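Below you'll find the structure, written out as C-alpha cells, and then a few comments.
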Amino acid sequence: MTHLVRGRQELAAARKVLPGSVGLVPTMGALHKGHLANIRQAKARCESVVVSIFVNPMQFERADDLERYPRRLADDLAVCEAEGVDVVWAPGVPDVYPNGPAQVWVTAGELADQLEGPNRPGHFDGVLTVVSKLFARVAPDRAFFGEKDYQQLTLVRRLVADLDTDVEIIGVPTVREADGLALSSRNVFLSTEERRQALVLITALRTGRDAAGNASAVLEAAGTVLAAAEGVDVHYLELRDPQLGRAPASGPARLLVAASVGATRLIDNLAVELTG
Ligand SMILES: Nc1ncnc2c1ncn2[C@@H]1O[C@H](COP(=O)(O)OP(=O)(O)OP(=O)(O)O)[C@@H](O)[C@H]1O
Ligand SMILES: CC(C)(CO)[C@@H](O)C(=O)[O-]
Ligand code: BAL
C-alpha cells in the first residue's frame with residue numbers, strides 16, 4: 001500500500017523503514033504515462049520507490065504559469081497505488097521552505113542561460129535548488145528524470161557531479177502519444193486545433209534526424225518544417241552534443257526545439273547521428 005506523507009518528520013519516519021535501495025521519482029504531479037515510465041524504471045531498479053509531488057514556486061518565473069499548473073493529488077495517489085509506489089511525498093510549500101524562500105541557492109551556471117534559459121530566467125536555479133533539497137530529505141540511491149526535459153536532466157547530472165552528491169541519475173526515454181507528441185502535463189491546455197499544430201515539433205525533429213547529414217543539413221531539414229508551420233511560435237531549434245556543448249562535426253548529437261502553440265510553451269528533443 002502506498003503511504004502518503006506531507007511533513008518532513010512524517011517523511012523521515014517513512015524513509016527510515018524503507019527496505020533496500022531507494023529510488024526517487026521527482027514530479028510536479030498531474031501524473032501521465034511519461035511519469036509512469038519513470039516510476040516503472042525506478043521499480044525495476046530499486047527495492048523501494050518514493051515519488052515526490054511538489055509544484056515548486058521557485059522554478060516558475062511567471063505567476064500565471066504557477067497558478068494554472070494542473071494539480072490532481074487524488075488521481076496521482078491512485079496511479080502511484082496501482083504502480084506499487086511505496087511512499088508519495090506531497091509536501092506543502094512550508095514543508096520544503098520552512099524558513100521562507102531559500103536564501104542560499106544552487107546556481108546552474110552558464111548552461112542555464114542557453115536553450116530554455118532566456119525564456120525562463122532563474123528557472124534552473126530553482127530546479128537544482130529544490131532537487132538538492134529533495135535529495136537531502138529522501139536520501140535516494142538513484143533518481144529518475146525524463147529525457148523530455150533534456151536540459152534539466154543534463155543539469156541534474158552536473159549537479160551531482162559538481163557537488164559530489166551520492167545519487168545515481170537515471171535518464172528515462174521520452175514517452176510519446178501514438179502520433180509522436182511528447183507527453184507533458186501542459187498538453188491539457190491545448191485546444192483540438194493546437195494539439196494538431198503541436199505535432200510540428202516532433203515532425204521537425206524526426207525530419208532533421210532522418211536527414212542524416214552534417215549539422216547544417218540536419219538544422220536546415222528541421223528548420224524548413226518549422227518555418228512552414230501555422231500557429232506555432234518557434235523559440236529555438238538547436239543542435240548540441242549529448243552533454244549540450246557545441247555540436248560535434250560527426251557522431252551522436254541532440255536536436256532540441258521549443259515553441260509556443262497558442263498560450264502553451266512546449267519543448268521536445270531527439271537523439272541524432274551526424275555524419276560529417
Ligand atoms: N513524456 C515524458 N516521458 C518521460 N518522462 C517525462 C515525460 N514528461 C515528463 N517527464 C518527466 O517527469 C518528471 C516530472 O516532470 P513534470 O512533473 O514537470 O511533468 P511534465 O509533463 O514535464 O510537466 P511540464 O512539461 O508541464 O513541465 C521529469 O523528470 C520529466 O522529465
Ligand atoms: C524535477 C522537478 C520535479 C523539480 O521541481 C521538476 O522540474 C519536474 O517536474 O521536471
Ligand atoms: N518539467 C520541467 C519543469 C517545468 O516546466 O517547470
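Note: Cβ is positioned from N, Cα and C throughout, glycine not excepted.
Taken from TrEMBL, the feature active site, proton donor covers His35. In three-state terms derived from DSSP, His35 (active site, proton donor) belongs to a helical segment.
Spatially close to Met28 (ATP binding site) yet at least six residues away along the chain are Ile53, Phe54, Val55, Asn56, Tyr69, Ser185, judged by Cβ distances under 8 angstroms. Residues annotated as ATP binding site in TrEMBL: 28-35, 146-149, Val175, 183-186.
Gln59 ((R)-pantoate binding site) falls within a helical segment according to DSSP. Over all protein chains present, the Cβ of Gln59 ((R)-pantoate binding site) has 21 other Cβ atoms lying within 10 Å. The (R)-pantoate binding site feature in TrEMBL is assigned to Gln59, Gln152.
Residues annotated as beta-alanine binding site in TrEMBL: Gln59.
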Spatially, which candidate from the recorded positions His35, Gln59, Gln152 is nearest to Val175 (ATP binding site), comparing Cα atoms?
His35
Ten-angstrom check, please: count other Cβ atoms within 10 Å of the Cβ of Leu31 (ATP binding site), all chains counted.
24
Cα proximity to His35 (active site, proton donor), best match among binding-site residues Gln59, Glu147, Gln152:
Glu147
Listed in sequence order, residues with CB under 8 A of Gly34 (ATP binding site) and six or more positions away:
Gly146, Lys148, Thr174, Val175, Ala182, Leu183, Ser184
